Amino acid sequence: MWIQVRTMDGRDTRRIDSLSKLTKVEDLRARIQQIFGVALESQRLFYRGKQMENGHTLFDYSVGLNDIVQLLVRQIPDSVPTKDKECGISDADSGCGSGQGESDKNSSCGEGATDVDGQPAGINSENVGPSLYKKNDLVDARDLNMGAWFEAQIVSVSKRVNPDGMSAEILDTSAASDDIIYHVKYEDYPENGVVQLTYKDVRLRARTTLPWHDLKVGQVVMVNYNPDEPKERGYWYDAEILRKRETRTIKEIYVKVLLGDAGDSLNDCRIRFVDEIYKIEEPGSAYITTESPQKRQNGPECKHCKDNPKRACRMCACYVCGGKQDPEKQLLCDECDMAFHIYCLKPPLSAIPQDEDWYCPDCRNDASEVVLAGEKLKESKKKAKMASASSSSQRDWGKGMACVGRSRECTIVPSNHYGPIPGVPVGTLWKFRVQVSESGVHRPHVAGIHGRSNDGSYSLVLAGGYEDDVDNGSEFTYTGSGGRDLSGNKRTAEQSCDQKLTNMNRALALNCSAPINDKEGAVAKDWRAGKPVRVVRNTKGKKHSKYAPEDGNRYDGIYKVVKYWPEKGKSGFLVWRYLLRRDDEEPAPWSKEGKERIKKLGLVMQYPDGYLESLASKEREKENKTEDELSESPSKGKRKRNSAGSGLSDAKSTPKKTKVESYKLSLDQKTLIKQDDLNAKLWREVMSFLKEGPKFLSKVEETFLCICCQEVVYEPITTECHHNICKGCLDRSFKALVHNCPACRHDLGKNYSLNVNKPLQAILSQLFPGYERGR
């Protein structure tokens, strides 16, 4: 097998050949050193987000054929300092740890450091001098994140100290100064603690409601507004009145909501609570005593229960029971922010844990399953059960193409699809069985029959077979599976017991248009009424059949089971035999018509990505090795020299590009394409690929791929921005309150109607018959 190694910046990509699934990571590093020239200790290898460590194999990391492994070159410092600089970056800072170290928590070099008494650094609480507000004054304080004003109380007042250590003097005692710091505490949010604000974000608490006739256009007032849900009660913002309108029944007022000093605003917002508009108090007005104020009404914190204390709510209270009692016994998950009573957990906790972070059972990650950077992989239970894990054989089984695994999967039709695969004509050739699996024609890598014992058989492969199998091309006898000891990791063995009509043998028998009979077999009265079976012939069948391909695997079309019966084979054991007969409209690939059609369609051998390059690289290595051996050995005679023009002639003699037969659309299909007006531009581009033959279907699949599920759209919704998405995918997006096009983020709106594009659905069903099954 071979893989691609790419540098982390993406500038250099090299292919590494002659690898195995059992290749050690340290051996891979040695190969990378030869090709990239990077020292072993400077290499960091990553595959699918995991850092590859020595001692493991490519199989342990599930590295597949032609997969990409990323190479990060580690920078090794010339000299390691003996002592870290003060406030320097430690080794833990460059690692992948998730927690904060004790040294970081106690460091005084970071931002927001505090003194011993808890007072922020650079703040002097002595000799503050005159200020606008005093301790215990009731004020409105602005939240710097959202720009809304909340009721608060001043806890203390302090003075900022200049960097030179001298206190800033207040020149005008009546004017506000940036050097005065107000320590305030929000009344409704004590959990936020004490917040430091300047005079711009603190003012006297609003207490005067303005009547309707006193509201003037251009006046700045305090209003209640909810930016997310304008029809609901929200928080208190400064706003400039834009216009007002009064009729006999309603009063309307539109404002520009001001969101802080940065200049951000929300224009043309309608205020619903016109009777609760407050005047902004000027500095120097009469102070409010602690006994007097009437609290303003804010929007509910919880949209589900509207802050009703008698109503159980799993959103704002305990996520298990919904109860709002015992708030001191509730734990808040640091991941999902849901609350849990300690006695509602399973198992319950006796006390609040002392850990800094706590995660609920749904969010908690098992520390034993987490693989940190630099750690070895955990043992896989699945791989531990494999025969290769307990085998004592030293044979390198990881070089075969049957072990590389699929690099892609056929999703155009489900795995239990009967009949042809759309876009795969009769006569298609593949070099390896794994490619046949990727195309969807025959999904198992090794097994000869693909099916289900309660449904039927979908495909089979004619490979080595049995000695007494008869292949007449359009009709052949096939011997069932089983009766062999394939324990361990064996692929084949001699017949050692009788076969039974179970598992895949029964699946193939179900394709016969006759009642199942596991004693004597059955014969179909109308063999064409049976279920279709896709048949692939392998080159290994050449020892028994002249119809097998010269190389690789070939798709030979649809066959039907005529009859099946038990009999004793040459081995002396009972085997089940099946007679299959061809029933396909496309000509057989060995016939004259079939050969002409293969030529017209331009069907040639298909190789895995990178296979030909790997093969050419091996040939060059052999040639170089041979030349080195010849140059080192003493010459006894003249060696024939290659002509100077031979290499050029080989390069010029490229095969002629054969003309491919165009893909033909039926009259009904052309009519449906014309009816699909919404996708007229896409169809014009797709129709230009008709002359490419089978590639036309690949272009259709690529063009009408749903961006959500990455499959051909089913029940397509063609949006107003001309993107095609499955109705189910778009419906799930709308249920998640995301009303944008998944492709371009165009706003579709909450009331967007999901109308299926019926002409597009009809043409896709004709081009890809059966693709809607399982969707």
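Every residue, even glycine, has its Cβ placed from backbone N, Cα and C.
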Feature region 'Required for formation of a 5-methylcytosine-binding pocket' in Swiss-Prot, mapped to one of the ranges 466-469, 718-721, 758-761: 466-469
Those residues of the chain, 6+ apart, with a Cβ under 8 Å from that of Asp469 (DNA binding site): Phe476, Thr477, Tyr478, Thr479, His544
Remaining residues near the recorded DNA site, that is with C-beta within 8 Å of the centroid of the site residues Ala463, Gly464, Asp469: Gly448, Leu462, Gly465, Tyr466, Asn538, Lys540, Gly541, His544
The region 'Histone H3R2me0 binding' (333-337) [mean pLDDT, rounded to integer]: 90
Densest Cβ neighbourhood among Ala463, Gly464 (binding-site residues), 10 Å radius: Ala463
DSSP-derived helix, strand and coil totals, residue by residue, for the domain 'Ubiquitin-like' (1-77): 15 helix, 24 strand, 38 coil
